[in-house]
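Peer 1: A single structure is presented below for examination.
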Amino acid sequence: MRRLPATFSALNEPAYRRFLPAQLIGSTGVWMQRIAQDWLVLELTGSAAAVGLVVAMQFAPMLLLGLWGGVLVDRFPKRRLLVITQTTAASLALLLGVLALSGVVQAWHVYAIALALGLVVVVDGPARQAFVSELVPPHQIRNAVSLNSTAFQFSGVVGPALSGLLVTLVGQGWSFVVNGLACSAVAAIIFGLKPLYSMPPPKRAPGALRQGLRYIVQKSEVFWAISLVALAGLFAFNLPVLLATMADSEFGTGVSGYSLLTTVNALGALIGGIWSARRSAATRLRSLTVGLGSLGLVLAVMAVVTNQLAFAGLLVLCGIATMAFLIGANSMIQLTVTPEVRGRVMAVYTMALLGGQAIAGPAIGRFSDAFGPRPALVLCGVSILVVTALLALLMARQSHLRLALHRGPWTPKLHIVRVP
């Protein structure tokens, strides 16, 4: 096969070349279900807090049980685990589809199935993250992570648009059915894959959980990267909760406007993913910190924009910043950790990413109900800016860094210097 350009170099690996379409299919179904699920809850309850609650139900299991999920991922073959999780997810999506199409669905049905899907993600999330490193050699991990994220965001352009169309024409039920079929297809594709770079599972030993946590604390780069991801999970990734109310109450565009705003945000993330795939340089903590601060600034500015077109333009920037940050953090962690603890470390990463949404989702939804979505956007953006600055100071202190002013011949310049 002809060698592909650097942007798509991971696709030179046959196993990954089959895995990426599975990611695209599965992610499209997930996006379709997410849009239909959020709108169904809003339709059943009329409350943004209820939308936040269903998000929390889906992500809370990862926050509570994620570490044990990582232990399972390190202990059992990841391919087998992914087949089981995708088959289970397919069954749950089809069940919700039947309930919705039969007209008997109630809010508690959606909550219960969201909770069950959250339990699936406890294993599926870290297994999917760690499985990439078994399909490509180490020097291709960053590119593979970027392509994975790009596929997810491309599906984020297609999925919400398809879901919005289906919801408008025939209701939410068919979006759930399509996701069930997509998860079934993913399970079939992964079942046929043969990982080329897998490591034998480590021997069972007591204290595996503590060992993983100790490793993260001792690896300062991993610890700070996960801390930044947790901050983003708390205040940046609950944006869909606010987009639903922005479309409904601020712009008056309903479900079609919500799917459009979500699609625009995903389009920006797609651009960020492609840009990241072209980069070969390793990500540094400084870049992650600046990237997250930029995301907080964009969120704060979005709060004061009243024109929907301008708001959509800022959503594109938000998507670019989000994806560049996530790809940088993910690839940095994967390239830093050793294979023996990768499952546990990626479980903590996934906990930080999704658990923050479980904690903050209902609170941000209630805040939006009480004060409106615009003050909620201000809260999220300013919180990110302030906490990112504090974390940057702590990182600098740990690394013995400080800002120094050097007077040049024309203008003074700030430099970061190491204090002995």
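Every residue, even glycine, has its Cβ placed from backbone N, Cα and C.
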Peer 1: Looking at 24-44, 255-275, I want to know which stretch TrEMBL calls transmembrane segment.
Peer 2: 255-275
Peer 1: With CB pairs under 8 Å as the measure, which of the listed stretches 48-69, 255-275, 311-333, 345-364 comes out on top against the transmembrane segment (222-243)?
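Peer 2: Stretch with maximum Cβ contacts: 345-364.
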Peer 1: Do any residues of this chain, six or more beyond the ends of the transmembrane segment (345-364), have a C-beta under 8 angstroms from a C-beta of it, and if so which?
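Peer 2: Same-chain contacts beyond the ends: 49, 52-53, 55-60, 62-63, 66-67, 69-71, 73, 121, 125-126, 129-130, 212-213, 215-216, 222, 226-227, 229-235, 237-238, 241-242, 326, 329-330, 333-334, 337, 376, 379-380.
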Peer 1: Same chain, outside the transmembrane segment (173-193) by at least 6, Cβ under 8 Å from its Cβ: which residues?
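Peer 2: Distal contacts: 15, 18-19, 21-23, 25-26, 28-30, 32-33, 35-37, 79, 82-83, 86-87, 89-94, 96-101, 135, 162-163, 166-167.
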Peer 1: Under an 8 Å Cβ to Cβ limit, what residues of the same chain, 6 or more beyond the ends of the transmembrane segment (287-305), are close to it?
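Peer 2: Here the qualifying positions are 225, 228, 231-232, 235-236, 239, 311, 314-315, 317-318, 321-322, 324-325, 328-329, 332, 374-375, 377-378, 380-385, 388-389, 391-392, 395.
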Peer 1: What average pLDDT is reported by the model for the domain 'Major facilitator superfamily (MFS) profile' (1-400)?
Peer 2: 85
